[in-house]
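S.K.: If you look up TrEMBL, you'll see 86-123 marked as DNA-binding region. As annotated by TrEMBL, domain 'Homeobox' applies to 84-122. Annotated domain 'TLC' per TrEMBL: 131-354, in sequence order. TrEMBL lists 39-56, 136-155, 180-199, 282-305, 325-346 with the feature transmembrane segment.
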Amino acid sequence: ILKTLNSWFWWENIWMPVNVTWAHFVDRDGLVFPKPHQLYATIPYAIVLLIIRFFSERYVAIPLAKALGIKNVRRVKPQPNPVLESYFRECSKHPSQSEIQGLAKKCNCTVRLVEKWFRRRRNLEIPTVLRKFQEAFWRFSFYLTSSIAGFIFLYDKPWFYDIWQTWVGYPFQTLLPSQYWYYMAEISFYWSLLFTLGIDNKRKASETLKGCTCLALPFFFSPSQDFLAHVVHHLAAIGLMSGSWCGNYVRLGTLVMFVHDTADFWLEAAKMFNYAHWEKTCNMLFIIFSIAFFITRIILFPFWILRATLYQPTYYSTTPVIAYFLFNGQLLILQGLHLYWGYLIFKILRRFIFLK
């Protein structure tokens, strides 16, 4: 069964233009092609990123947070109680008064002690501001580094200025060392986020945007963000990048990654200053983020990237492969999310500008 599924997955008609097979993707005559097995290296690279994250959060983020006036709040742990702990995990974190009275009788203690235990136990679930700052600092550091590296890798490439060049010579386009490392870093980063989902802060959906505006806008967002949603998002990102790697859509893939990273580090910077209560700096950074977001994801992505993926391939092949529909379907869904997020950002900006 596995062999059959594997043969179906790597069927040339899914990935390749007509009369092109995987045998054509053997390095020759100075041409170097991306190979699917190279993606296995992203797992150890992700572990390296986790090590870098540990040291950067510990030895850079914490001193920076202290310099900005963020203190490390130590929360009091409740006394160990197997009965209350089991109820907290399996039944409810906010028991009713009658349930508290029943638990008090079961534990042979007062109602006040049970209430106090649950209050302290709930507080342990809430991440400290310092911990939030550390995570925002790590994401800021990666997105800033990847944006700078992406610009260095792309600024002298003809397809950075003329999007038609992404298809010239396809699929026999050689893989550049800069493209290799750019892809490896991006995929490894999302693997590392996937590995740490269980220990990272459980952020509310509103915190992604609301947390960096110094505004209370809870009615714009759902009350919580599902753990599964993060898993699906990270796997989708890994799948999209890995698929473009296997199909040698590397030129377009690097442009997509660059367009997305250039706005994200402004958001993370705004969140860091929000945690430090630098309100004016936070607001200014959020405005810059909003401008960058609208330019890159509402203008450049649909009118530059999607134009190259939807329209231009028809000039190079009269029979689009299955991958054409798969990748464009995912990119169109991504653009739909951009429009939704842009709508939320616009509402925040309108409230910020007109209502102060």
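A Cβ is built for glycine as well, from the same backbone N, Cα and C atoms used for every other residue.
Unlike curated records, TrEMBL annotations are generated automatically.
Quick one: how deep are these features, and who are their neighbours?
M.R.: As a whole-number mean, the pLDDT of the DNA-binding region (86-123) in this prediction is 84.
Listed by sequence, the residues of this chain that lie at least six past the ends of the domain 'Homeobox' (84-122) yet keep a Cβ under 8 A from its Cβ atoms are 75-78.
Here the transmembrane segment (180-199) has long-range neighbours at 34, 38-39, 41-43, 45-50, 53, 142, 146, 149-150, 153, 227, 230-231, 234-235, 237-238, 241-242, 245, 250, 253-254, 257, meaning same-chain residues at least 6 beyond its ends whose C-beta is under 8 angstroms from one of its own.
Below 8 angstroms of C-beta separation, residues 163, 212-214, 252, 255-256, 259-260, 262-263, 266-267, 269-271, 273-274, 331, 334-335, 338-339, 341-342, 345, 348-349, 352 of the same chain, each at least six residues beyond the ends of the transmembrane segment (282-305), sit close to that stretch.
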S.K.: Looking only at the DNA-binding region (86-123), what are its DSSP counts of helix, strand and coil residues?
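M.R.: Here the numbers are 29 helix, 0 strand, 9 coil.
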